[in-house]
Amino acid sequence: MRLETIKNYSESQKTITFTRKLLLNWVYNTRKEKVGHSKYFFFHLCHTIVFTEEFEHVGYLVILMNIFPFVISWISRLNVIYRRELKHTNYCFLTLYVLEALLKIAAMRKDFFSHTWNLFELAITLTGILYAILTEIEAIKYIFAVTEVIVFIKLVQFIRILRIFKLIAPKVLQIIDKRVSHQKTFWYGILKGYVQGEADVMTIIDQITSSKQIKQILLKRVIRNMKHATKELGYLEYDHPEIAVTVKTKEEINVMLNMAGEILKAFGLKGIIHKIESAQISKLITAKKKEMLESKSIIRPLTVEEVLYHIPWLDKNQDHINFIQEKAKVLTFDCGNGVFEEGDEPQGIYIIISGMVKLERSKPGLGIDQMVESKEKDFLIIDTDYMLSGEIIGEINCLTNEPMKYSATCETVVETCFIPKTHLYDAFKQCSPLIEHKMWLKIGLAITARKIREHLSYEDWNYKMQLKLSNIYIEDIPMTTKTDIYDENVIYVILIHGAVEDCQLRKFYRAPFLIPITCHQIQGIEDFTKVVIIQTPTNMKAFRWNIRKFIPKHKSSLTPGLMRELSKGRQGQAKANCGD
């Protein structure tokens, strides 16, 4: 599937989107147009009257009542019979419309003219006044094509009925939103799968071809497509955050259910679970999948207060969360604003609550490791990535206190939760040093998962990844001493920050890098170097039981009673021998 196909699908839904925006403009809330109170009593009184529910409902009622005279005036026979009554009725309703406009102008003052709907209603009212003046002075008789003029004026006045649609527009919006939600969910799922598919392709490019030129062409194409798809994904998340959260949640639930199925299959092959029990559990997993796919519930996005509960390194510890909340701030950036520039000193951590941030750097490094750096590349490239809601910016730079390795620019209006660097350091000291370790563990897991994926077969990736990542730890690599890494219990060693030297082969490795298994001893060549070490299960050897120690040396067929009598007899015989 090409990205253009997805784009064409999204553009085909513009009619529904336009209708929805039009309805949203109609269904404006007058409270949003509310301005400050005036210090003058009259204007203050007008302000109080206009911004009430009763005033708005009376306006709707007047328009509904005015429909009947309009209908009668369009019927020629009735128009002739009730001409005098219709004329007086028109003056009454026109007076009410003028009074409404004057009250709104007095209440909102100059802000009244900044709203299109107010200007539209004012134009209709002025047209009605003009028609009344022309009718009263009988000047309309001398106008050429008088019938066309009367029809035009009446049509303009009848357009006022569109205001009634603001009452039924919310129901229409619900119907449109339901259809749009289904389409946007489908589109978001396709984009999400497209981005993940391109990321998976990047991990196996080296296995597709051995030609350096073809590798570079494929890599550029995959990276370009993934960046464009991620950008579209970010705009969709910004416009429809509830859809993004719902799809992400369902996706994670589906991953967990698939993993449960893989574990069940593995246990069945090993004979740990009986076939009948395995079949029943499999039916339960299938039913849960069906229930999840058919669920139409919408999950609301996280608020600023809730977002801290979902940070992995805080581990939902209420004391740690309360301490972080003391100096955490909500920062909002307009579209196009810069959050920070490449080379700036780190100020703190930014947790994206909503919106999309574009990260761009001119030097390869750890900051945005979405792009796989091929060993054959010997030219400088501009690396770009997009960060969406729920992601964190600036963790590594705050941990290492190094300058920012990339620039951050807002592609949309962005709302972030900002944790100052100094307050983060205070949390390490006053709350728990484990917070820093958990931050490194979270970063290490993300890098390790990408590197291991390159060395696993495609089948059952999630299950195999969980097995591999179930027993890892972080280790510092000093510059002064040599460190042994690979032994019989170590599967992988991934360099997540800094650079090291192979003590035997004299090769240099820079993060992020999967250190080859032929390297047994390394030494850091930078001040701050960390590796993730993945071991075999620690108690695997302990479970290699020696069954001999569980087998008794001899078995006795005597009953417990006979054993006690025999023991007493032996003790009596021993005493008798001692007496002799």
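Just so it is clear, glycine is given a Cβ too, placed from its N, Cα and C backbone atoms.
Taken from TrEMBL, the feature domain 'Cyclic nucleotide-binding' covers 333-403.
Sequence-distant contacts of the transmembrane segment (58-76) (same chain, at least 6 residues past either end, Cβ-Cβ under 8 Å): 82, 86, 89-90, 93, 96-97, 100, 154, 157-158, 160-161, 163-164, 167. Under the heading transmembrane segment, TrEMBL lists 58-76 (among others).
Taken from TrEMBL, the feature transmembrane segment covers 88-105 (among others). Counting only same-chain residues 6+ beyond the ends of the transmembrane segment (88-105), those with a CB under 8 A from a CB of the stretch are 46, 49-50, 55, 59, 62, 65-66, 69, 112, 118, 121-122, 124-125, 128-129, 132, 160.
As annotated by TrEMBL, transmembrane segment applies to 117-134 (among others).
What TrEMBL lists as transmembrane segment is 140-162 (among others).
For the domain 'Cyclic nucleotide-binding' (333-403), the model's pLDDT averages out at 73.
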